[in-house]
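Database features, via Swiss-Prot:
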DISULFID  CYS228-CYS239  disulfide bond
DISULFID  CYS235-CYS248  disulfide bond
DISULFID  CYS250-CYS263  disulfide bond
DOMAIN    42-217  domain 'VWFA 1'
DOMAIN    224-264  domain 'EGF-like'
DOMAIN    276-448  domain 'VWFA 2'
CARBOHYD  ASN77  N-linked glycosylation site
CARBOHYD  ASN345  N-linked glycosylation site
SIGNAL    1-26  signal peptide
Amino acid sequence: MRALSGPRLMLCGLLLLLFQAPCALGLAPLSRGHLCRTRPTDLVFVVDSSRSVRPVEFEKVKVFLSQVIESLDVGPNATRVGLVNYASSVKQEFPLRAHSSKAELLQAVRRIQPLSTGTMTGLAIQFAITKALSDAEGGRPRSPDISKVVIVVTDGRPQDSVRDVSARARAGGIELFAIGVGRVDKATLQQIASEPQDEHVDYVESYSVIEKLSKKFQEAFCLVSDLCATGDHDCEQVCVSSPGSYTCACREGFTLNSDGKTCNVCNGGGGSSATDLVFLIDGSKSVRPENFELVKKFINQIVDTLDVSDKLAQVGLVQYSSSVRQEFPLGRFHTKKDIKAAVRNMSYMEKGTMTGAALKYLIDNSFTVSSGARPGAQKVGIVFTDGRSQDYINDAAKKAKDLGFKMFAVGVGNAVEDELREIASEPVAEHYFYTADFKTINQIGKKLQKRICVEEDPCACESIVKFQTKVEGLLQALTRKHILSQKPLRGEGAVRRALWWRGGESLAPCVVGSGRLLLKTGWILAREAGLGFGTEKGEAETKS
């Protein structure tokens, strides 16, 4: 019998965990609840359109504005919206009194054109508080029931002072948000914004990702943010709250029905084997083109092991860097051949690392019915990254797990272990994997000889998952192409290299076919002889 090499064993654990029955997962969400009710607000956007903002970037700002407006309760007695456009001068595009419906506002935003001169941010804020929010322009008398809000969007250093005018606005009860883009002067943002500043200052590295802030402002304007707590939902068993919205789910042993609200008890056989699997792939600059090709091969090696069909496994693919791009949704392709071709054709984005935005996209888009997800199917996400995220991941990672998604985190090179753990489902040790070198990815499960399966006499490796894997042939030497890092270790004699596998904590003895494989997690030293290998933290050997 041939023992599993480190990379093959890593894939073994990953694949076996992927396809546990959905009934064992507990939560299985599908239904999105009501939109939030927003507090009556006089809201003025103050938008920088100086020459540093290119026309295509200004279009991105307009998309962001529209997304925020979409979430509001617009009306004379609800939220009123005005917009101030500025550069060297200030132009009021429309006052608070101009539009009483959401449709009118969205149309007005689409018509706005950039001014393309200097950057007089202080002058624009002064105009907003003295003119745009005035009674004559549609502003309502000050009241505890009506909020006064100004959102400033800028990408540069102002040519005038913002400190004093912003202080006067805050003292007058106006809530100021500051959004900075690119090479903006961050001290200026702090001078503008209200306290607490971590809630009122936002920065994005380019206009291409400004849209990701829209959800924050949608939530900020929600009057009712926990519909589960107020009972304003129709979930039969479990209500999972998000600001102004909710998702229905089921307790362990139940699956969600197609209505997205009610639950059915699972069959004794373990429930449906249907799985909706979405890859979230890091396409940041640090990956490099040659390594990105190895990642694509890794994806296709996993696809090779799946039963792809309308009733069994569906696959979706999302790439992220500074922005998030859906390569293809669940259900678009119905054969392995088509999926693998689409993966091979995926182009490399090569920018930043916004893992948090990618996780939010997975929650809000990838696993929705409109994107091909199936009621009752197990939801599995595999996040692949090579570095620290440039945005926050904690909230989105927690929400994905709260919604019952089974989340795996695969890290390479400079990937941060704490972030991998934050993403991974419980038990964490079974759901995150780390390798030191992209070259290893090409070896993981390469041309697997047997499809991993569970047979009548499963091998009880209880610390990871009960499984049996059939492999044929003799134990081969673990050469450089099989190892996960090239860290030399002390010692004389045979060539020794280091393998780090983060698959779990101390595996129990496991019978594989007619051989006995004893593994313990840790640094595994691969000896050139190939008939057995020792470890610094345990032993790994084969016995006939």
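Positions of Cβ are set from backbone N, Cα and C atoms, glycine also.
On the structure: features taken from Swiss-Prot.
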residue : record                      : DSSP (3 states)
ASN77   : N-linked glycosylation site : coil
CYS228  : disulfide bond              : helix
CYS235  : disulfide bond              : coil
CYS248  : disulfide bond              : strand
CYS263  : disulfide bond              : strand
ASN345  : N-linked glycosylation site : coil
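ASN77 (N-linked glycosylation site) sits 31 Å from CYS239 (disulfide bond), taking the Cα positions as reference. Across the structure, CYS248 (disulfide bond) and CYS263 (disulfide bond) are spaced 10 Å apart at their Cα atoms. Among the recorded positions CYS228, CYS239, ASN345, not one has a Cα within 10 Å of the Cα of CYS263 (disulfide bond).
Of all the recorded positions in the list CYS235, CYS250, ASN345, the shortest Cα-Cα distance to CYS228 (disulfide bond) is found for CYS235. If you take the Cα of CYS239 (disulfide bond) and the Cα of CYS250 (disulfide bond), they are about 9 angstrom apart, rounded to a whole number.
Of all the Cβ atoms in the protein chains shown, 10 others lie within 10 Å of the Cβ of ASN345 (N-linked glycosylation site).
Taking the Cβ of ASN77 (N-linked glycosylation site) as centre and 10 Å as the limit, one finds 10 other Cβ atoms among all the protein chains shown.
Around CYS235 (disulfide bond), taking its Cβ as the centre, 22 other Cβ atoms fall within 10 Å, counting all chains. Shown are the disulfide-bonded residues CYS248, CYS263; of these, the residue with the fewest other Cβ atoms within 10 Å is CYS263.
Taking the C-alpha positions, the distance from CYS250 (disulfide bond) to CYS235 (disulfide bond) comes to 9 Å. The candidate set comprises the disulfide-bonded residues CYS228, CYS250. Of these, CYS250 has the most other Cβ atoms within 10 Å.
Counting every protein chain shown, the number of other Cβ atoms lying within 10 Å of the Cβ of CYS239 (disulfide bond) is 20. Averaged across the domain 'VWFA 2' (276-448), the predicted model reaches a pLDDT of 85.
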